[in-house]
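**Student:** Got these off TrEMBL a minute ago, pasting:
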type     : residues : note
SIGNAL   : 1-30     : signal peptide
REGION   : 182-229  : region 'Disordered'
COMPBIAS : 192-216  : compositional bias 'Basic and acidic residues'
REGION   : 310-363  : region 'Disordered'
COMPBIAS : 315-353  : compositional bias 'Basic and acidic residues'
COMPBIAS : 354-363  : compositional bias 'Basic residues'
Amino acid sequence: MGSSRRRGDRHLKLLHRLLALSSLLLLASGEVIFEERFEDGWETRWVKSDWKKSEGKAGMFKHTAGKYSGDPDDKGIQTTIDARHFAISAKIPEFSNKGRTLVVQYSIKFEQEIECGGGYIKLMSGYVNQKKYSGDTPYRPDASYSLLVDNRERESGSMYTDWDILPPRKIKDVGAKKPKDWDDREYIEDPDAVKPEGYDSIPREIPDPKDKKPDTWDDDDDGIWKPRRIPNPAYKGQWKRKKIKNPNYKGKWKIPWIDNPEFEDDPDLYVLKPLKYIGIEVWQVKAGSVFDNILICDDPEYAKQVADETWGANKEAEKEAFEEAEKERKAREDKEAQQAREEGERRRRERGDRHRGRDHYKDRYKRRNRDHWDDYHDEL
């Protein structure tokens, strides 16, 4: 059960929504620019790209609610065929996000165990040849943003601080040099330290006081006996002044920052070019992602309402359907494993019977030949 639940945690990811807010301005009344729930007639609004078709690498979208669903009539478009490129787009009413919030929201259900593949959508400006829509079609990122997953904010930020779109406000002064009187020595030798008297006379080695002259030692024959020498514990090496904190220490010198003369603020940084298209363009090693409930508007509250009406209304039923599908999958795999074990046992028995049969014929052959040779010896 634990393995199944972990598998469910990886697979389920029920209907993730990405909500991007391009400014912090809110309008009293909202406008829905584009809303797609992939109901009847959706194919008249979307154009399938021929990108990668000639290479045999183009994937197809299938109109389905998926393998497990809280509502079988609540369909989206699902990527099919593994290791393919998928591209589809729709034209939307041209609009600008200047002076208003831009909300981009959609749901995606990963029915496959996602290994390497996209799950995003794109907004595009200018003219797009939808039959040739591809990964090279230009698009722009959003500005200030909040990222919502399952209707909860997971991250937020600003393109002023999170991306290097404008030149930096401050730059390092490359012409600056460390002042000559800058003292960056944290420790210095103690100028008041005095070397102890007789320090330089301390020998590096001394005779070993425990080494005794052998009784058999003969000075005439063996020479004058000398005890072996050992390191002198009183010897401390070359005398050095001890280190003390430098009272004039100013810290490590760093190149100072100055105002960037090339910086020019852009209050309309968040403003995109007039948007005219929305598209899905992803590469997936394993297909099976269901895209649905796409929404472009300028009212975050309406977006949350739509999320509750779609993903929120079906998430529990979707989860139950997934868990039931997992139980069926586990039972099917257990049955197949049992059948494989039984088949293996049957084959082992057959091999054993064949071996016993061969041994039987060998014994008959040996007995027959033994009788023949016995008759031959009797004649002799």
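Backbone N, Cα and C atoms are what each Cβ position is placed from, and that goes for glycine too.
Mind running through what each feature is packed against?
**Tutor:** With a threshold of 8 Å between CB atoms, the same-chain residues lying at least 6 positions outside the compositional bias 'Basic and acidic residues' (192-216) that come near it are 225-232, 234-236, 239, 241-242.
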**Student:** Give me the DSSP three-state residue breakdown of the compositional bias 'Basic and acidic residues' (315-353), ordered helix, strand, coil.
**Tutor:** 39 helix, 0 strand, 0 coil
